[in-house]
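J.: Would you mind keeping the following structure in view while I ask a few things?
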């Protein structure tokens, strides 16, 4: 790894702070028919930017979402700073679809000095690996000025997010909500949508990378709730309003760089009905532990006394620090409350500092599916020299030579540092991959697998051994689960989705330091799943990236993800 990257980024950070970036350009972000006039009881002739007067023989609406990646100065907590964002907002525009829809998102990179790529977190991408959005694995980065149209099928439903998977970009604001509508395991009256919890700084996250790589991770400054907060008397709190007696669905997501949260609402309990994209048997709670990239759907009944209540994102201090941890809050106001002042409520929740997941016994999938564990792959996580390593190898990708390109060229040999594990469905493994991860003392690690939900067979203290008990009866399944400090995590997933799939720690520093591997799944079946048009798109994106890289001011100096 080269030190030039750190010095270049530091210069970039200081320049960005010294000179204001352009203000946000407002870009349409929803489906066209939702952008202009709505088709309502009194405007039935209207259809977005079209109407009953439109000649349908010559004009057909183009549906999809349009996202623009850009540098702008924003004041999320009252302090102006350079950010990266989609369409001028943090979080970016919500992408909404129904279960079974085909989703089309056009992403344009208006950054002048960096590439980008967008990952649709938790989307299965069945037979669709080319649109998973990981540079160096499923695509080349989108070069400045370029546009890539992502296409995927909503095979699963629930709550998630989309974000940049290029270096540390999402930590500077490059993320947004992704909601796939579908059934729920409990009833409610109002869907309040996504509630984002994230850490935040007043300098670009990139400028902290040098410290994160060479020593202890930096202490982060503050945090945001749905893209807003206060700092030293400036800014504003996130607020939402309840009507007494109604039930509200809230989709909580942790999009932090290095922060684990305990979410609660003073004076309220709630039902938990989903984890990640998996509906669960509802259970009652007064708080939930939310690791990085995890999502929980909760239903809150407005049954407290009319008034104002704090919404809290409690910082989990065992894994990282935050200077203003106690200030990551929002406000719940009841209809009928005459006060607009800050709440005076206190929390009765027992504070947790563990950085662990919700108890496994609480996380019962609503649709029971039993995994198979006939053969187990073992991997050990270690650290040293500013890197994290799986079985002694730290991930290091080449953005111009993604894994999928080798597959498209009928190859099956990758550099050692690509950390490739080939997997195939066989009679011996009965179509299941089982991975036992053992880790050292130190921080917990939220492990995310692309292309699959996985079943958690065991999670606990101590390294995995042949005597470790495995749960094979409807264990929790999701796409992010925590590897405990000095402990183990045993996961299983079905070998049913040809592609190259990244597995990594979702602490951004650790991902950049190489804490990742990839599964090349059913290699001979990957190419047949990619149509000719998609192969052409893939190749054109790589050609544009290769043409731009000779002028790239910031050479790659992290793992690539």
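Here the Cβ of each residue, glycine as well, is placed from N, Cα and C on the backbone.
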J.: Which residue of 260, 268, 445, 448 does Swiss-Prot report at the same Cu cation 4 site as 505, 510?
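T.: My reading of Swiss-Prot gives 445 as the candidate in that site.
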J.: Among 450, 452, which residue does Swiss-Prot name as a further Cu cation 3 binder in the site formed by 165, 504?
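T.: Matched candidate out of 450, 452, per Swiss-Prot for Cu cation 3 with 165, 504: 450.
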J.: Once 165, 450, 504 are set aside, which residues in the chain still have Cβ within 8 Å of the Cβ centroid of the Cu cation 3 site?
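T.: For the Cu cation 3 site the neighbour list reads 119, 132, 134, 137, 448, 502, 503, 511, 516, 561.
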J.: Tell me the Cβ neighbour count for residue 165 (Cu cation 3 binding site), meaning other Cβ atoms within 10 Å of its Cβ, over all protein chains shown.
T.: 29
J.: Work out how many Å separate residue 121 (Cu cation 2 binding site) and residue 505 (Cu cation 4 binding site) at their Cα atoms, rounded off.
T.: 14
J.: Write out how many residues of the domain 'Plastocyanin-like 1' (68-185) are helix, how many strand and how many coil, based on DSSP.
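T.: Computed counts for the domain 'Plastocyanin-like 1' (68-185) are 7 helix, 54 strand, 57 coil.
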J.: Would you mind ranking the glycosylation sites 71, 284, 327 by how many other Cβ atoms sit within 10 Å of each Cβ and giving me the lowest?
T.: 284
J.: Using Cβ-Cβ distances, find the residues under 8 Å from residue 450 (Cu cation 3 binding site) that belong to the same chain and are at least 6 apart in sequence, listing them in sequence order.
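T.: Same-chain residues close to residue 450 (Cu cation 3 binding site) (Cβ under 8 Å, separated by 6 or more) are 119, 125, 132, 134, 479, 501, 502, 503.
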